[in-house]
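Per TrEMBL, the features are as follows:
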| type | residues | note |
| --- | --- | --- |
| SIGNAL | A:1-25 | signal peptide |
| DOMAIN | A:30-111 | domain 'Copper amine oxidase N2-terminal' |
| DOMAIN | A:119-213 | domain 'Copper amine oxidase N3-terminal' |
| DOMAIN | A:240-648 | domain 'Copper amine oxidase catalytic' |
| ACT_SITE | A:D315 | active site, proton acceptor |
| ACT_SITE | A:Y397 | active site, schiff-base intermediate with substrate |
| MOD_RES | A:Y397 | 2',4',5'-topaquinone |
Number of protein chains: 2
Amino acid sequence: MKLLNVAGYVLLASVLCPLAMHSQARVPQHPLDALTTEEYWEAHEVLQKSGHLSEKTYVSTLLLHEPLKSTVLAWKEGDAIPREADIVLEAEGKTVEARVDLAAHKLEFWKVIEGAQAPFTNTEMDAIAEVSKKDPRVLAGLKARGITDLSTVHCQPIPLTFRVFPEEEGHRIGYGTCTDERGAYHYWGRTIENLYILVDVTAEKVLSVVDRGPIPMPTGDASFEESEAMPREGTTPLLVTQPMGPGYKIDKGEVSWQNWNFRFRIDPRVGAVVNLVKYKDGERLRSVMYEGSLSEMYVPYMDKDQGWSWRAFLDAGEFLMGGLFKPLTSDDCPDRAQYFNGLVPSDTGSPMLKPRLACMFERTLDNPAWRHGEPDLTSGRPSRELVLRTAAVVGNYDYILDWVFQQDGTIRVAVGATGIVETKGVKEDHVEHAMGDGPPKPEYGTLVAPHLLAVNHDHYFSYRLDLDVDGQNNSFMIDRLVPQKVEGAVRKSIWADESSMAHTEKDAILDLDPKRPGMWHFINPAQHGAMGYPTGYEIMPGATGVAFAAADDPAQRMGQFATHQIWVTPYVPEERYAGGTYVTSGKGMDGLPAWTAFNRRIENTDIVAWYTLGFHHVVRLEDWPVMPTMWHDFLIRPMNFFDKNPVLTIPHQP
Amino acid sequence: MKLLNVAGYVLLASVLCPLAMHSQARVPQHPLDALTTEEYWEAHEVLQKSGHLSEKTYVSTLLLHEPLKSTVLAWKEGDAIPREADIVLEAEGKTVEARVDLAAHKLEFWKVIEGAQAPFTNTEMDAIAEVSKKDPRVLAGLKARGITDLSTVHCQPIPLTFRVFPEEEGHRIGYGTCTDERGAYHYWGRTIENLYILVDVTAEKVLSVVDRGPIPMPTGDASFEESEAMPREGTTPLLVTQPMGPGYKIDKGEVSWQNWNFRFRIDPRVGAVVNLVKYKDGERLRSVMYEGSLSEMYVPYMDKDQGWSWRAFLDAGEFLMGGLFKPLTSDDCPDRAQYFNGLVPSDTGSPMLKPRLACMFERTLDNPAWRHGEPDLTSGRPSRELVLRTAAVVGNYDYILDWVFQQDGTIRVAVGATGIVETKGVKEDHVEHAMGDGPPKPEYGTLVAPHLLAVNHDHYFSYRLDLDVDGQNNSFMIDRLVPQKVEGAVRKSIWADESSMAHTEKDAILDLDPKRPGMWHFINPAQHGAMGYPTGYEIMPGATGVAFAAADDPAQRMGQFATHQIWVTPYVPEERYAGGTYVTSGKGMDGLPAWTAFNRRIENTDIVAWYTLGFHHVVRLEDWPVMPTMWHDFLIRPMNFFDKNPVLTIPHQP
């Protein structure tokens, strides 16, 4: 019987119990481990004893406060483990930051953050939903639509991301609509449109109700789960098995697989945080990345109607209620996957154990790692890879978020978008003359069902990538492919590779332009490979989109990080979120735009890259009632890090 | 026992014989089937009897001449099968086109094509290699380098793609270098640099030899295959099996899998040609694509040195000797794959059977086809896909070329680049001061080993996509996401989706610009789905590069198709190759630039899309001595083709 010692528990290997869920360790093994149940309660106790709490103080976020990088890098097994928790509280309209030293049972500070708003808590959301549904103006609006049975109606105001109303100064303002789930088993696609509610969450009252008149309820079939499963003709089983168990190991939270070593935790704000990523190159265990994680999301909708122009989300910073990161199922990960639980805080700060927040598995894509054919000999090797997967559910939308480790030293970061597209009730029950020879089709969305418009929108994912290539001091090198005129040869024009170093942050705020291509490298100026090149890693975009709305747009101000594809900053422990720490009712320009305004030096020092993967979404009928998964990705890949192809010697069996 | 009837043979299913090779049919089953052995010999016989052949007439290309589309679409089983072969011959300096009616045993025409050059034949290449190696100037150059044992030396001139020398008028001109394989088991990376040879292949003589003086021979380890296989620690078996056999069927050459139906053949010029691609939507078998294939490649190198500025390749049109498409191995395709043989012509026109030119297999990527999480219920379905794979080997480089059919109606076209990068001998044995604080690193390439520079270059793959969405008459619709100022709402700026029809070819020559995004659709103006939208398919780029050299560059003139990402033309049977039919010593501007100069109408008619997938390659040390596979892709995906998500009802088992 093979045993895996996972984070303090001895658990059966997935070979015997493929769906076994591996819990959080009760005692942290490493300074970067997620907070444990005991630590949640320790924080709770310290806060309770602090004398600062009223009955209406709610925990909005509760996160591991990472020790200093120098501390972590110096730490070795057996040393004391520094442990702190960062807590953001909503205290009767005030936003409070507190830090608890868990080992010392001590409140380090409790400070009111002026002008900032904590993420909405479930308590607030539930309370204002109740208030909204009882408001006479709302009731009148519902009645005007013939809706008097309120038992099936939800009125759910949600936080306003950007600051546009004077009421937002000092008050938490939400907006929303009602839905009627009548006839379906969920309420998506069942919007009671044209009835818009603005609420003061702090004062627990409805500020205003705008009723632009009844329109028909959408009637499209939203019941995607009830559809009968119909295996397609001729389908035969396709089985992937690992009879000897997985090819990776997890020892005290450290994953080792095919020359890779790394740790990870589930953070309730940004999900999977991958740490201390190293590659074993011969006898050397070489540093690639100190930390990588999602940092923020930005999802602006593109409808100018009242009640809709409010809709822009910075999902990671806004929606921590219960955690963005939701349980995975056996349809999300293969049977052989190993699952990992995680803890997220309740409004009182108590830990809620969420099962299966991540899964890990090996797969072969049936692609060669390399190959070459000569007339008499074709050589090659099959490849496999390791996937660390989480899924975020943000209301209607679902995102599959993968960190994929390849044998050749490449990390592929992939985002699969699925779930339900956001819809709006409209008058139209079909589109006429969609061909340009009559009235135009709706320019703000796609009519996916009668009276149901799936509204155009964008998705942006900012990743914080604290690469430490062969150590902390790195530089950001840009290799631009520059056109060059040729004289005295048969060619007239070629391109040359011109390397330059980014000296300060402004040098490293870069846009993709297919006609002016460039490559983005983290290099270690002090480490050179066999041929003399500095060792490096490249951040290589996949297909991606840019947020191109005007700069004075309040949503765009919040999502300004998405207007450029890469930014590079000096490592500062507090700089973790591309859109700033507090995005609820934000004024914008926080995070990357604010930090880089100082144009700090980023050369030969500890630096962090911020890459934004984005895409525009004009919805297809095929995306309704639930969207086929659409993937986007980018690569973090070795660039003169190894002296030669690192997968030359892998065997012929995948 | 399950039997598969493949193209006229009854063969054992791969369940019993997983590596069985399925031969070409001896008798064609369908007008679009590849030419058979008998048909090759029929063509041979007709040519022999024609009285046109001299002893020095060589077959340069021999391809199926496809029947008219109307003929193919009207054809049904039992009808006579029209069969013709198109042959290009090299006849003592003249380029001849001939067509043979195979059924009628008849030469339809024999015409000399003025100004065009046929692809080089193996006979020519071998002859000029011999001549080069005996040239006294070459021998002197070799001797000056201390090379007197010529038994290990290869001097291989290759065709010059573009026309820059007066000698190219009426003569076939090649250029080349010599290599010395001494100490290695192949000659890649063993260039005898600075000794450049210009040859007249027609006259079988060396025109000039340029000797710029000896430099040291590169010494890097090029023996990638001899490296010992070293399984990485902890690796366990990862087995993918289909105990009941594959989930697809091939009946008389027609593949059916998961609602998809299509045919394919291996064409000696462009490889896999996928035909009559249809999707079964309920009871309707709906047309998606009449034909899809690679159309041309363009690989320009970026070194202005004499002897190197010649290097730009249009590989599909130039290198048909023996077929670009080379046998696959068990490292290229999984064990469960089914392989397909193919025929390519010899210089005499005789058929050469090449084993395993394509493989087909199902795989699951362990990704959900869709998913959505609600608090109490998470739904989803696992996915699988069908892969049709070929591999091209163009001298040093290898390309894996996949057509991937997804369950949701999407076709993913993927190119994996691997093999050996092209290298040049240089004086340098290492790089100093690569950091910008000293002499710059080489701007034309990467020093991958002592005295060995891997030269910068680009790769472009033009795909010809004859989509027929729900029938032949389609229009090309561009949906541009256009910034819109907002007034009277909280937002200031959004984007709107503005559809427009491309009326003529010039409307449809388009570039990707992340700041001005758009979507490219083939729509059927006469077919509307449930909501009223025209049915359509989108061509959706992945990450891609643009050929941005100046227009007066002779290589760029040949590869002009790669300067824009998409072109759309009316369907004309003869327009098959983006760079023109004859690319050897070409003047450029043939193919797409020439055709579209007429700016023909492309609205509501039979139209063809030409998409170019491209990437720049600054070589990494990791790419030596053989390059880890680098993938790029694009999607052909339904856009309002279905009325709703077509994978809603797939079962929970992948």
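First residue shown is number 1, and so on along the chain.
Positions of Cβ are set from backbone N, Cα and C atoms, glycine also.
A TrEMBL annotation is a machine prediction, not a hand-curated record.
Long-range neighbours of A:Y397 (active site, schiff-base intermediate with substrate) (same chain, six or more residues apart, CB within less than 8 Å of its CB): A:V299, A:A417, A:T418, A:G419, A:I420, A:V421, A:E422.
DSSP classifies A:Y397 (active site, schiff-base intermediate with substrate) as strand under the three-state reduction.
Long-range Cβ proximity for the residue listed as 'active site, proton acceptor', meaning a same-chain Cβ under 8 A and a gap of 6 or more residues, is found for A:M297, A:Y298, A:V299, A:L324, A:A392, A:V394. Counted with DSSP, the domain 'Copper amine oxidase N2-terminal' (A:30-111) comes out as 19 helix, 31 strand, 32 coil.
Taken residue by residue, the domain 'Copper amine oxidase N3-terminal' (A:119-213) breaks down under DSSP into 28 helix, 31 strand, 36 coil.
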